[in-house]
Amino acid sequence: MLGDYRSGKTAIFNEIVGRKFGSYTNPSTFDYFYKEIMVDNELVGCNIWDTAGHEKFTTNLNKSFYRDVNCCVLCFDLHFEDSFKNLNKWMNEFHSKCLENGLENMELLPPFVLIGTKSDIPRTDISISNERIEQWCKNIEGQGIIDKVHYFETSAKLSQNIIMPFNTITKLALNYSNSIQKIK
């Protein structure tokens with residue numbers, strides 16, 4: 001999971017692994033959890049990593065964080081402009097680190113899912129509009145790196161729309177892993 005500091009990554013991470021909102025503290029190191037998710041009547045094991053605030057110290061996470069990744073979750077706070085503006089930075093870092101880890105070209109890059117967090121907070125004039133989010137997705141799709149940006153809005157506080165993005169993430173990761181295995 002990638003995104004700016006305080007963009008809601010840890011709250012989503014904790015919800016998906018069964019820790020309820022507000023009942024946990026932020027870890028001081030990277031957080032990792034293994035979760036089994038049902039996809040097409042098949043139980044799929046997922047390794048989920050959270051940067052746990054390390055991105056506030058550097059936007060250049062160690063390339064080992066990206067090793068053997070099959071999908072990326074990009075998160076931004078629906079109410080914080082900088083976290084939305086920095087999505088390109090996070091996506092570029094993800095792509096460059098994957099290439100550094102041995103992927104041969106851009107066509108082999110793992111897919112990603114975009115999550116807008118804190119959807120429980122009412123939208124205001126300073127919030128990121130749906131139109132801007134749709135435009136960002138179209139721009140990414142237009143670059144030819146990815147066919148479709150899967151976008152979800154979630155609220156960890158209310159446990160809303162947490163499962164659906166991870167079902168999509170798991171399906172994308174499984175498809176990607178299978179296609180990479182065929183190439184190797």
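Every residue, even glycine, has its Cβ placed from backbone N, Cα and C.
Range annotated as motif 'Effector region' by Swiss-Prot, chosen from 25-32, 57-64, 129-136, 137-144: 25-32. In the three-state DSSP scheme, G3 (GTP binding site) is classed as coil. Contacts of R6 (GTP binding site) defined by a Cβ separation under 8 A and a same-chain sequence distance of 6+ are given as D77, F80, S83, in order along the sequence.
Each of the binding-site residues K9, S119 was scored by other CB atoms within 10 A of its CB, and the lowest score goes to S119.
K9 (GTP binding site) carries a helical DSSP state (H, G or I).
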